[in-house]
Every structure is written in C-alpha cells, then in structure tokens.
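Here is what TrEMBL records for this protein:
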type: TRANSMEM; residues: A:6-26; note: transmembrane segment
type: TRANSMEM; residues: A:57-77; note: transmembrane segment
type: TRANSMEM; residues: A:89-110; note: transmembrane segment
type: TRANSMEM; residues: A:140-160; note: transmembrane segment
type: TRANSMEM; residues: A:188-211; note: transmembrane segment
type: TRANSMEM; residues: A:217-234; note: transmembrane segment
type: TRANSMEM; residues: A:241-259; note: transmembrane segment
type: TRANSMEM; residues: A:265-288; note: transmembrane segment
Amino acid sequence: MLILQLLVSGIETGALYALTAAGFALIFGATRIFHFAHGATYALAGYAFVLATRLGWAWPAGVLLALVVAIAFGLLLEAAVYRPIQRHHGAFFTVFVAAFGVVIVVQSLIELSFGRAYIAISSPLTRAHEVLPGLYVARVFWLALATAGVIFAVLGGFLARTRAGIGLRALAENPDLLRAFGLSARRLSALAFALGSALAVPGAVLGAMTTGLSPGVGAHVMLISLAASVMGGIGSLRGAALAGLLLGIVENLVVAGLDTQWSEAAGFVALFAFILFRPRGIFGAALVR
Amino acid sequence: MIGGKSMVTRRSWLGGAAGLAAGALMAPSRLRAEDAYILGTLFPMAGPNAEYGTIFTAGAAMALKHVAADKMLSRPLVLRAEDSEGTPQGGAVGMSKLVNVDRAVYVLIGFTGVSKAAAPIGARAKVVLVNGGGVGPDLAGLSPYYWNVIPLVPDEIKVLVPFLMARKLRRIALIYVNDPFGNGLLKSLKGDLTAAGGEIVAADAIAPTDQQFSAIAARIRTLSPDAVYFASYGAQQAEIIKQLRDAGISQQLLTYSGATIPSVRNLPEAEGLILTNQAADWSVDDPITKRFVADWRAAYHTDPTTYNQNYYNAVRLFALLAQQLEKSGKPINGDNLRAALLATRRFPLVGGEGVFDDLCDISMKIVINRYQDGKLVPIG
C-alpha cells in the first residue's frame with residue numbers, strides 16, 4: 001500500500017510539474033529564448049492568488065487574477081527584456097543574465113510586499129481522506145489530474161489545428177518563412193510567452209494550496225522545468241509534460257526504498273541518465289551537423 | 001604656454017578645494033566610525049530563513065536604542081550587518097568581513113551551522129560571538145569567545161522526554177534537517193528517549209531546501225508512531241506541518257523553540273502543536289523587562305518573542321560589560337569582555353537575572369507550550 005500511496009503523491013506532484021515544465025518548453029520551443037524567469041512567473045501567479053484570497057475574493061476571481069498577472073508579466077518580459085536583447089543580437093548568456101536579474105528583482109518585490117515568510121492557503125481540497133485501507137487521497141489530486149488533462153488536450157488541439165498554433169510550431173524552425181506566409185514572428189513570440197506563462201498558473205495556484213509559497217519558490221520550479229525540458233527533449237511540449245510527470249513520480253517512489261534525502265536527487269539522477277544515454281530526450285529529434 | 005599654466009593652476013586650485021571639501025565632509029563620519037564600538041550581526045537576511053534575521057535584528061535594534069538613551073557608554077554603538085544566508089559558507093564569509101574589514105568587537109550570531117563556521121574565525125581574532133537563536137548541542141563551549149544567551153536543545157529535550165513518557169507518547173517518528181543542528185538533535189533525542197523507555201521509530205533526514213514532504217508523510221503513516229517530532233527552520237517548518245496534516249497524519253506533532261515564529265504561529269494546521277521553549281513571562285515586575293515589553297508593544301503592537309528577548313539581552317550584555325571595562329579603564333576586547341563576564345556572572349537582563357556558567361552560557365527555565373488559537377500556551 002505504501003507504493004500505491006507514493007505513486008498517488010507522485011502523480012499529483014508530477015501533474016503540477018508537467019504543467020509548469022510545459023510552459024517553459026513551449027516558450028523555449030517556439031522562441032529559442034532561455035526564459036529563466038519562468039520560475040518568477042510561477043511565484044507571481046501564486047502570490048497573486050494568495051492576494052486575491054486575502055482580499056476575500058472567490059477562487060475563480062483569484063485564478064483569473066493569477067492568469068492576468070502571469071500573462072502580463074510574460075508579455076512584459078518578452079517586449080521589454082528579451083526583444084531588445086535579440087534586436088541587438090545579444091548572446092544566449094546575455095538573455096540568461098537578464099532573466100536571472102529579473103528573478104532577483106521579482107523575489108525582492110515579493111519579499112517587500114508579502115514578507116519573507118512561508119505562505120500557504122489552507123483549503124479542504126488538500127485534506128486527504130482514506131479511500132482504501134491505508135490509501136489517502138486529497139481532492140486536490142483529482143483536481144490536478146483533471147486540470148492537467150484538460151489543459152494538455154486543449155493545448156494539443158490548439159497547436160495542431162489552429163493557424164496560430166501551427167505558426168508557433170514553425171516559429172522556431174524558420175521565422176523568415178513565416179513572414180512569407182504573412183504571419184508575424186513578433187506576435188507569435190508574444191503568443192508563446194502568453195500561453196507559456198498561463199501554463200504556470202495551475203501549478204502555482206494548486207502549489208499555493210499543497211506545498212505553499214515562499215519568495216524563492218521560483219528557483220525550485222525553474223530547476224524542475226529545466227530538468228523536465230532536457231529529459232523530454234529540448235523544445236518538446238509533450239516531452240516536457242511527460243518528463244515532469246516522471247520526475248514527480250520518481251521523487252516520491254524512491255522514498256519506498258531509499259532515505260528521503262534521495263528524493264529530489266533521484267530526479268536529477270534520472271536527468272543525468274538521460275544526458276548520458278539519450279541526450280536528445282524522450283521526444284527530442286537528433287541533430288545532424 | 002602662459003595660458004596653459006594658468007589653466008593648470010586654476011584646475012589645481014579647484015581640485016585642491018574639492019579635495020579639501022570632500023575631506024572635511026568625510027572626516028566626521030570616519031571619526032565617528034573609529035570612535036564607535038562596532039557590533040556585528042551575522043543573521044540570515046535573505047532566503048527561506050530570512051524571517052529569523054528580521055526577528056533577531058529587531059531585538060538588537062531596540063537594545064541599541066535603549067543603550068543610547070541611557071547613555072550607558074562613552075562611545076556610540078554602531079551596528080554592521082552581514083547576511084549569513086543561514087549557511088556555514090555565508091557564516092564564514094560574513095564573519096571574516098566583520099572581523100577584518102568592519103573591525104567588529106562583538107558579533108551577534110544565530111544558527112548552528114553558521115556558528116560552527118564563524119566561531120574559529122572569532123576565536124582567532126578574539127572577537128566575541130553571542131548566540132541567541134541557534135540551539136544545536138555542539139554550541140556549548142564552541143570556543144572561549146562564543147557565548148550563548150539561549151538554552152540549547154539538549155535542555156529542551158530533557159524537559160520534553162519526561163512529558164512524553166507521562167503522556168504515553170513513546171514511539172516517536174523524527175523528521176530532521178540534515179545539518180549540524182539536526183544531527184545533534186537526533187543524537188540528543190535518541191539518547192534521552194531510549195533511556196526513558198521510548199524509541200525513535202523513523203528518522204527521516206531532509207535537506208534545508210526540501211519542499212515536498214508527502215512521501216515522508218506516507219511512510220510515517222505506515223509506522224503508526226505515537227507522535228511526530230520535526231526539527232527544521234523557518235519556512236520549511238510550516239511546510240512540514242501543513243503537508244503532514246494534509247496527508248492525514250493526525251498524531252501529536254512536536255518540535256523545539258525554532259517554531260516560535262509568525263509563519264508557524266499563523267498557520268491553522270499548527271493548532272495543537274507542542275513545542276519546548278525558554279520561559280518568557282512578560283508580566284514580571286522588574287524595570288528592565290517592563291520597559292522592553294512596553295516599548296515593544298508600542299512599536300510593534302504585539303508581544304515580543306524569546307528571540308527578540310535574547311538579542312536584546314545580547315546587546316545589553318555587551319553594554320553592561322563595556323561599561324564595567326570603561327570604568328576600570330581597560331580596553332574593550334574579547335579577552336577583557338570574557339574576563340568581565342566570568343568575574344560578574346549575574347546580569348540584570350530582560351526576563352530577570354541572567355546567570356552565566358563557566359562556558360559563558362546562560363541558564364534558563366524551559367517550558368512546554370501548545371499552540372492554541374495562534375498563541376503559545378504553557379502546558380508543562
């Protein structure tokens with residue numbers, strides 16, 4: 001029963017990792033921008049939801065506020081930070097340092113506004129109940145699964161069947177060709193940031209209820225997103241989602257046989273294994289030089 | 001050439017005048033820094049444990065105000081803050097700067113790992129370090145220049161274990177942070193619990209940065225312990241409590257004095273948490289405590305915590321010792337401060353008379369509390 005319990009915990013954690021990692025992968029896949037501040041988007045969305053809760057707003061209004069904040073932040077970064085750097089042909093490292101600076105500024109702003117303490121939203125959704133002898137499941141587990149399932153289905157449909165979605169997929173491959181088809185690379189880049197940032201919201205909102213938030217939460221989120229993106233195949237949305245889910249499951253299952261300290265390390269052992277034996281990731285394409 | 005000479009001369013005059021003006025402006029501040037007693041603080045000011053840094057500093061800052069208002073010393077007391085980040089590396093770097101650059105004579109410190117890294121640097125430079133927040137067992141007698149104004153965790157465990165046995169809470173699951181504090185606590189708890197007829201049924205070590213505890217909760221639940229003891233810091237404590245309760249762990253939760261911070265106190269899931277802590281009676285009648293509590297309530301509209309008290313006491317202790325040394329015409333340095341402490345031993349501090357032992361550690365009464373409606377209620 002312990003294994004089953006750990007599997008349930010792992011799927012819940014992994015579903016949230018999958019959504020957040022997919023957001024990072026979508027942005028990187030479409031724009032080739034190493035959006036290190038994706039963790040800051042997660043933190044801002046989470047704190048926006050907390051603010052709404054403190055103001056006594058209903059939860060849908062809180063989720064809406066988190067969405068608005070996340071998307072606005074993503075768009076602002078794209079327009080005010082990344083685009084000017086790209087315009088001046090800034091190197092990958094310039095983008096990384098700029099994003100890293102933004103992360104620090106966001107963390108400091110959150111500390112100034114909400115304090116440095118841990119914040120969690122107490123909700124009956126996170127209280128586990130015994131569904132089978134020895135197996136405890138909280139309603140947030142089903143919510144996380146359903147949210148991830150619906151979002152990935154809708155996103156998959158959008159990317160596969162709409163003109164904008166196909167444009168997003170093509171953006172990374174050949175921006176010049178896009179222009180020939182009358183599509184704006186700039187608008188598509190903004191769309192990628194809006195969608196990718198929005199994908200951080202479910203994880204942030206449910207994370208605020210389950211594991212809680214602290215101003216530095218973005219660093220952990222970014223680490224997981226990055227690991228999932230590498231394991232899933234750089235730029236592959238479904239790869240990042242699957243790898244995020246796997247990371248959550250591995251982190252939890254490892255506790256059955258090893259000391260708990262190995263929990264997070266196990267995920268990164270899996271990452272190293274991928275780097276060594278399948279560097280292109282689960283769904284990544286092999287590069288031919 | 002004549003014109004050129006004239007230009008150089010004018011520039012020289014202007015430059016010289018500017019230099020003199022700058023020198024005149026800088027001189028008083030340099031003089032002040034040289035004349036002042038430099039008190040260093042080595043607290044976590046950023047990261048997950050920054051909450052402690054804010055609490056510790058507030059206590060010290062109030063003491064500075066009171067020392068200045070009372071004109072206890074002939075020179076001003078100036079605070080120099082370094083961020084330890086709550087890590088040994090941060091502690092070593094910060095302490096080196098306080099000793100070598102700021103020339104601090106007395107440093108306030110917290111956290112076990114930070115203390116263990118900074119103490120050798122303090123011992124080499126003969127700079128006194130005073131701990132009011134770290135409680136690891138190893139902190140007793142860490143160096144002749146390392147003093148504690150807080151009772152250490154073995155004292156807390158000694159009081160807790162008989163309480164647990166009396167309540168038939170014998171099988172304890174432990175979650176502890178894998179650092180010098182956590183490992184020391186494990187040793188203390190295991191030793192005292194086993195001697196009293198109890199046992200540790202699980203000891204899960206966690207990293208200070210861990211955020212997910214649902215897997216640990218699942219494992220603990222299969223062992224059905226009588227109670228769960230956790231030993232961590234800052235924000236992580238609240239995460240542990242919430243995730244254990246969410247995972248259906250209904251057993252009694254236990255911890256140490258580190259949980260007397262707002263992020264734990266304000267957490268609904270922390271209701272009923274039992275923790276040990278130094279006794280703090282804010283209604284005592286001595287003038288020092290009354291002034292501290294009254295000014296604290298006026299400034300913060302809440303009661304102080306024992307951490308505020310400890311760092312207030314640490315600064316006040318320096319003022320009392322320096323006052324003694326000034327009267328006897330001795331220089332203020334680590335050796336003289338230590339000699340004065342050991343010669344006097346008893347000091348009027350917040351909470352009553354503070355008594356120091358041969359290791360320069362204060363002794364205090366420990367009480368067992370329970371969180372009820374967000375307030376600490378003594379229960380033993």
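The backbone N, Cα and C atoms fix where each Cβ goes, glycine too.
Between the transmembrane segment (A:217-234) and the transmembrane segment (A:89-110) there are 3 or more Cβ pairs closer than 8 Å, counting only residues 6 or more apart in sequence, so the two stretches are in contact. Long-range neighbours of the transmembrane segment (A:57-77) within the same chain, counting only residues 6 or more positions beyond its ends whose Cβ lies under 8 Å from a Cβ of the stretch, are 27, 35, 37, 40-41, 44-46, 48-49, 51, 99, 102, 190, 193-194, 196-198, 200-201, 204-205. Stretch with the most C-beta contacts under 8 angstroms to the transmembrane segment (A:140-160), considering only A:6-26, A:89-110, A:188-211, A:241-259: A:6-26. Looking at which of A:6-26, A:89-110, A:241-259 has the most CB pairs under 8 Å to the transmembrane segment (A:188-211), the answer is the stretch A:6-26.
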